[in-house]
Amino acid sequence: EIVDGNVKMTLGMIWTIILRFAIQDISVEETSAKEGLLLWCQRKTAPYKNVNIQNFHISWKDGLGFCALIHRHRPELIDYGKLRKDDPLTNLNTAFDVAEKYLDIPKMLDAEDIVGTARPDEKAIMTYVSSFYHAFSGAQKAETAANRICKVLAVNQENEQLMEDYEKLASDLLEWIRRTIPWLENRAPENTMQAMQQKLEDFRDYRRLHKPPKVQEKCQLEINFNTLQTKLRLSNRPAFMPSEGKMVSDINNAWGGLEQAEKGYEEWLLNEIRRLERLDHLAEKFRQKASIHESWTDGKEAMLQQKDYEIATLSEIKALLKKHEAFESDLAAHQDRVEQIAAIAQELNELDYYDSPSVNARCQKICDQWDNLGALTQKRREALERTEKLLETIDQLYLEYAKRAAPFNNWMEGAMEDLQDTFIVHTIEEIQGLTTAHEQFKATLPDADKERQAILGIHNEVSKIVQTYHVNMAGTNPYTTITPHEINGKWEHVRQLVPRRDQALMEEHARQQQNERLRKQFGAQANVIGPWIQTKMEEIGRISIEMHGTLEDQLNHLRQYEKSIVNYKPKIDQLEGDHQQIQEALIFDNKHTNYTMEHIRVGWEQLLTTIARTINEVENQILTRDAKGISQEQMNEFRASFNHFDRDHSGTLGPEEFKACLISLGYDIGNDAQGEAEFARIMSIVDPNRLGVVTFQAFIDFMSRETADTDTADQVMASFKILAGDKNYITVDELRRELPPDQAEYCIARMAPYNGRDAVPGALDYMSFSTALYGESDL
């Protein structure tokens, strides 16, 4: 080994002389190689301060150019920040010594000769620089290989994150549906109208507040799924298969079950409200009739059990008998009311009224009392008939009074009952019918007043006879308990109830007019919004199959279209408000429109989903075009061919239409067995689920796959082999040295150990890892 510095300098000079003689024979054809080497030096030293390589002589005198080349490829060998442009000798010696020691490049040049010469020898410097080019060419290949691996791993990491996001969003949405459906399927009835109204309000809150965000999540889930599948196809990866039960079809099926449960729950709520409303009405009617009957029967049993006929005079006995006949007439008149009370109680039982036990007990008490009254009445009649032969005189006027007063009294009681009776109507026609009946009743009042005057005239005549003949009648009518004062009092009550009934009918008529206005208002808006939604759906369908401008133009057009649709939302909200008023008013039908709020909601949700899906399809087409290098003219040609054979404008092609489209684009598909086999292979690519149709996205994917180049597993394996120095395995240190930290750790965590004969401790199998990236084996 030579250690003498002077001897080393002499060897450097000898190398310089040899190189000068060697490059004197460079031909004219190699001039382009000189220019290429100069361009390589300029590109590698461009980031460095005070370095400006323009030639192979004076640009290298300060030594910074040599140091920059070494630092650019091996930064650990030179501390470039400490170099100074005004110290060229140190710079040159540093570069020559480092190159000889670490890069195996002989010291061909002498630093003092270069500094001391005005124009250093161009050929010698170019020869020495070319040694750097050859020394660093291997590092360039490793850098290119590392970049390719980084690109592939970045795509794979992004796709895995998208898959995790889809799984989480799908799980959350399915869990929400799973929790919501049991609530919608709960049919536990309530006993009061207020409780059922609260359930209806809770359901409205669900429709307004809780469901719309989930509709948006469902739409976003479909968009994410389509985008992920497109990215996987573009990166030559296998299609993403979600976990069992989390497919888009599974979510759509669960969503359909949710909407079915919603429909059933709303129908049940409205039916329950109608039932409770009917029950409240019947219960109030039962209480009124029962109270009137109980008031009438009060004291009747005691009266029938009296034995006053035993000590009465003959005239008194006669009077008692007639009185009893009048009572029987009155009893018969009340038979209908008892039957009505029993019928109402039976209906309350059939409708499952919550307080049926108390109703049944009260009804049973009335029926038992009625049977007892009948038995007592029969018993008293038999007693009076036994003494009837003793009765000779009777006051016909009292009898006539009793006979006419009883039905008139019953008529007044019925009139008071009818005038105080509650009513339920749902249309103007029904309230008009009640008003007409009321007017007819009022028309009978003059005749009733004449009857009242006639009955009072009979009583006045009796009083006159008593006063005239001093008859001892004890001041009472022996045949009836109905007094003129009672008749006048009830008549006055009837007269007071008539205007009250008028007022109630007028208020109900006004309410029904308001309900009709609500129906017309809702119908007018629904008849505009419903066709508008249908028209927008058809327009979106036309946009998705027509060609107007570039894909970016179509995307901008669709986004503007989406914005106009979203701006229409206030009208939907206004219709929702009208629908809420209709439900609060308990309006159950609307003859002014065939659209229900449910129709409008479903149509609106479908419109939002369709425009979002169409925008996503165009975005995927842009991704496909940009990733595969397809020009806008090619995309237009593909779309024109597809639309030409899509004769029914369904957005899909059948097998025969698709074959004709391929032939029109230049594919040679014969009618022989070989042609059929080739077409079957193509169909398996564009229609993997064997649905019998080809979508435009599948058509574009196929055409882009046929015309574009993509990364393959073999290319990735070749890149790893470069990083591994042509070995069949790669080590952890090599991965961490050549790749960024996060992607190096990604590979280390997923690569299987290498088990070949040439394996060393810690060796990793990059071949199986590369095939797994493209779905050819398990990762």
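Quick reminder: no glycine exception, Cβ is built from N, Cα and C everywhere.
For reference, TrEMBL has these:
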COILED    152-179  coiled coil
COILED    317-351  coiled coil
DOMAIN    31-137  domain 'Calponin-homology (CH)'
DOMAIN    633-668  domain 'EF-hand'
DOMAIN    674-709  domain 'EF-hand'
Next item on the list: Report the mean pLDDT of the predicted model across the domain 'EF-hand' (674-709), rounded to a whole number.
Entry: 77
Margin query: Summarise the domain 'Calponin-homology (CH)' (31-137) as counts of helix, strand and coil residues per DSSP.
Written below: 68 helix, 0 strand, 39 coil
Item checked: Outside the coiled coil (152-179), six or more residues from its ends: residues with CB under 8 Å to it -> 214, 217-218, 220-221, 224-225, 227-228, 231-232, 235, 237, 240, 242-243, 245-246, 250-251, 254-255, 257-258, 711, 716, 739, 743, 746-747, 773
Margin query: Across the domain 'EF-hand' (633-668), what are the DSSP residue counts per state (helix, strand, coil)?
Written below: 23 helix, 2 strand, 11 coil
